[in-house]
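Here's the structure we're looking at; comments come further down.
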């Protein structure tokens, strides 16, 4: 048997003692009925001229057809303007992070000699290129490329299968281990070499404390919640660290062949009907789920921090409703109305922010990595020539612009590597073999154009 507390009985007695024996009037209900009747009357009055006008326009088929054509033209123009607006906005949203990632890589390559020294190779590229024979070196680079692409293909298919069968915990654990390695071990190596290069003295406890704070905040921002800009900064940083590892441990010829092969693989994996990346994107769209933030750079919130803010706001409003003074009905009504208005405003603000968040453009971290590998290799192997590095940088941005243009036209997921990498390879070899010797000849003869 459930029994109310004594305080609740007292409140009920006080509440009932305030009510008279007569049936109270219901002004709010009657006013609402009158208001609705007035609205219906005014609505009918306003609609009468329109109905007569429509009756007059029905015989005139040309006028109605012209109006329909004008409305369709207006809608098409608005869609084109919206596409151009958000297309330009998306270009700017991607130019900044891609540029920052490449700048970090190039600055590190130019200043820290550790990442240009060849003292080992990746396990995925077992064939060495330390030979004078061009044919043997080319063969080894092709074999290394085949092994590397095969590993990427197998791991991608494995990831797609895990996602298809909803093995989310395994995927999260896999990504968390990768992020831990990047944010702690690779960051330690990077900071150690930077401090050695610039002769900065730091004791190990302080260094470990810095790395611990950096890695812990990064894990929280990437895999849980955090400010959008901080999450983006961490994604850019781990992409740069991974690119530096590839630049150091990939053989020179193998790196260029891998860049060409990975662009072809990206094209097939995204556009083929049974491509692994296409299946991953389609599965995520069917389930209406975001792809894991550790794999995708997003210019909009994926696990939005607004969710926490809205939950906090809802909690505050619930607390306001729970702390209503039941002894004052007028104050209770006003507080409930204020809470309802606040909730409506919060929902309207969230709904107004949702379209911008949905329009955010997303780019895979692999694209960041291979863009930076291309520019970093150009900076490391082009005899320190800035013309070649800048040419590759411009080529990647041009390819990214064209990719975003195609994205606005086709409105579906497209590979971001083929155009940019193709332009980058063309600009690299043409600048390194044609422009650089020409500039050196002009400089040796003290001729300036």
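Cβ atoms are placed via backbone N, Cα and C, with glycine included.
Membrane sidedness, as given by the topological domains in Swiss-Prot, is identical for residue 287 and residue 414. Your range for transmembrane segment, going by Swiss-Prot and the list 204-224, 288-308, 309-329, is 204-224. The transmembrane segment annotation in Swiss-Prot falls on one of the ranges 170-190, 338-358, namely 170-190.
Between 333, 387, the residue that has N-linked glycosylation site written against it in Swiss-Prot is 387. The recorded stretches the transmembrane segment (170-190) and the transmembrane segment (390-410) do not share 3+ CB pairs below 8 A when only pairs 6 or more apart in sequence are counted, and are therefore not in contact. If you take the Cα of residue 367 (active site) and the Cα of residue 266 (active site), they are about 10 angstrom apart, rounded to a whole number.
The 10 Å shell around the Cβ of residue 387 (N-linked glycosylation site) contains 15 further Cβ atoms across the protein chains shown. Through the fold, the topological domain 'Lumenal' (191-203) approaches residues 108, 111-115, 210-211 of its own chain, all at least 6 residues removed from its boundaries and within a Cβ separation under 8 Å. Across the topological domain 'Cytoplasmic' (411-414), the DSSP tally of helix, strand and coil residues reads 0 helix, 0 strand, 4 coil.
Packing against the transmembrane segment (204-224) from elsewhere in the chain are residues 172, 175-176, 179-180, 183-184, 187-188, 191-192, 230-231, 234-235, 237-238, 293-294, 303: each is 6 or more residues past its ends and has a CB under 8 Å from a CB in it. The transmembrane segment (253-273) shares the most Cβ pairs under 8 Å with 142-162, out of the stretches 91-111, 142-162, 227-247, 363-383, 390-410.
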